[in-house]
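Residues or ranges marked as region 'Disordered' in TrEMBL: 1-32. Here TrEMBL flags 131-153, 173-197, 217-236, 256-278, 290-307, 327-344 as transmembrane segment. What TrEMBL lists as domain 'FAD-binding FR-type' is 342-479.
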Amino acid sequence: MSNPRNLETSAPGYNPYKGDSSGGESRVLSDYDEANRESFATDIISSPDNVLYPEEVALHRYNSQRKAESGPVIRGDSLRKLARGDSVKQIPKLDRFDPTNGYNSSVTVKKPVTLVEKFQSWMINEGARTIFFFVWIFLHALVFAMAFLNYFFSDNLNNARQTFGITFSTARAAALVLHVDAAMILFPVCRNLISILRSTPLGGIIPFDENLEFHKAIGWSILIFTIIHTVSHWYNFFELARAQNGGIIMFLELNFLTGPGATGYVMLITLFIMVYTATEKSRRRHFNRFWYLHHLFIPFFAAWSFHGAFCMIKPDRPPFCNDIAVFWRYWIISGVIYIGERILREIRAQQKTYISKVVMHPSKVVEIQIKKNVATKAGQYIFLCCPEVSYWQWHPFTLTSAPEEDYISIHIRVVGDFTEELAKKLGCNFEEEAALRKKNRDRIKSQYDGIDISLDNPKLLKVLPRVMIDGPFGSASEDVFKFEVAMLVGAGIGVTPFASILKSIWYRVNYPKKSTKLRKVYFFWICRDYESFEWFQSLLLALEEQDIEQFIEIHTYLTGRLRHSEVGNILVNDDGNVKDTITGLRAPTHFGRPNWDKIFSNMRDQYPATDVGVFFCGPVPLGKSLHEKCNLWSQGFEDGTRFFYGKENF
């Protein structure tokens, strides 16, 4: 470990307009277009609501430096210093890693040279997943090719080939691929099985954390080969109707009045409904609709079980209908495991759970503490159901309690139908919380941790709704203790999985019961507005107060715009304070987006020949940017630093 040093101000050449060079983060965290930025003075005069952008406050850096050298610092200079993050307060010494120096983007990537180094770098984050999906695609191609050749050259199917042509072999080959997909599609959603397998040596080979991506890939494969199968049979029905002079009437009868035709259309319609409602845009807009309609897989599989049982196209020689309706042979293993998981969920749901505490936090965040009745690990998540809201809806929430605590807790952002109804059932009154905030609007930093409904109104303890829990289940963040150095990056409410990890680290450091490989943690929290910091503030304050900052470094980033009144409040409360005015932490709040290139460069220089775990929870564009930076700055050679990327994926 290198010697610690004070945080420095930004290096010469600082440009307040420059952020992450990837640009992926700006689409999520910025509320305005960079091309429309104007000067600080112009915004003050022309903006109708007196909005200040934190990057714009720091326009004339060199002028403020010259003024500071020539005389006392005036209010305008303090404003610029505040906006760029280098205030006059005394900052405690941190490690050599310095994200505030990230505005200097003059960094150089040492890229792998030899093929071995390139391959090793590629294997860090992309290798296992890419190889797995390549093998899966190759398996599809192999099954389709072998089946097509079998039906095309079989001497027992001459009549069928003469009647239908090449589309007969195409339809049968696509059907066999569909059987293989059906055998696998339920495995990725068997979460108990996935949680067990990811903790085995197989977890280093198979990317179990990509289980939902694999499930989606199989779904798209089923859609593609279903279209191939359907179009081929449409042509086959046309050829059969033409061969028997049946015309359009016979073509329609073959489609809708035969067993294969009727069951085929049931499958086709249910499949299209499931695919459409499961697309990203549709699922996010109407999650309840997606959840209920996705259970159409039950009639889909039921129709599939009888689809091939009618022996419509017979071979040339007997036995004519020997190997028909074999779908159950493919589906039986995954189906039994999936049914077992659903039964296990119902068994767990019958266990009594007691809500011991409900706390309303700022930014419409509700904390639910439940008496512990299961063993948990840091970074895991559970599925929660409230029968008074809906008996059929189970929603995933990350645990924010440490395994060492005697309760389990989750923090819920009230943003949707389910969460709003749940908050009402819990007795939350956010108008009361908003009134309290309005009463204290002159304070930029919240002076309370939240409103404990249980303490304020003991009668609510008797009327709190029943909740059911399924889990816990493993996630990528669970692997944080496998690394010597970890970077935890949370955006907004995406910070929840790291609450459990940070608490667990606190317990392991202060009450060590078992050794841990982890030696250093860098926690980055990125928010649009200062109110988003408040609900998580108490935990971070506790971590700093326990004097373990040599183990955990906290870096907060405020990327949204500040109103003029808010900037004034910051200035009033910032004079000579050791703690940051916004968060109350000794670590200062940085204004603007992180420069990930500089951050990764500093991390690589500080920790040579070290595996660094980078764990993220938040919006997709920011996660994509971090993933790219992990690949860019990882070094495959022996003494290189490797960044392993992990993302929460429910």
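Backbone N, Cα and C define each Cβ position, glycine as well.
Quantities reported herein were computed from a predicted structural model and do not represent experimental measurements.
Same-chain residues lying 6+ beyond the ends of the transmembrane segment (327-344) with a Cβ under 8 Å from its Cβ atoms: 179-180, 182-187, 189-193, 301, 304-305, 307-308, 470. Non-local neighbours of the transmembrane segment (290-307) in the same chain are 182, 259-260, 263-264, 266-267, 270-271, 273-274, 277-278, 282-283, 325, 327-328, 331, 335, 392-393; each lies 6+ residues outside the stretch with a CB under 8 Å from one of its CB atoms. Here the transmembrane segment (173-197) has Cβ contacts under 8 Å with residues 139-140, 143-145, 147-148, 151, 203, 206, 208, 211-212, 214-215, 218-219, 221-222, 225-226, 228-229, 232, 301, 304, 308, 326-327, 330-331, 333-335, 337-338, 341, 344, 471-474 of the same chain, all six or more residues outside its ends. Sequence-distant contacts of the transmembrane segment (256-278) (same chain, six or more residues past either end, CB-CB distance under 8 Å): 216, 219-220, 222-223, 226, 230, 233, 237, 286, 289-290, 293-294, 296-297, 299-300, 303-304, 306-310, 312.
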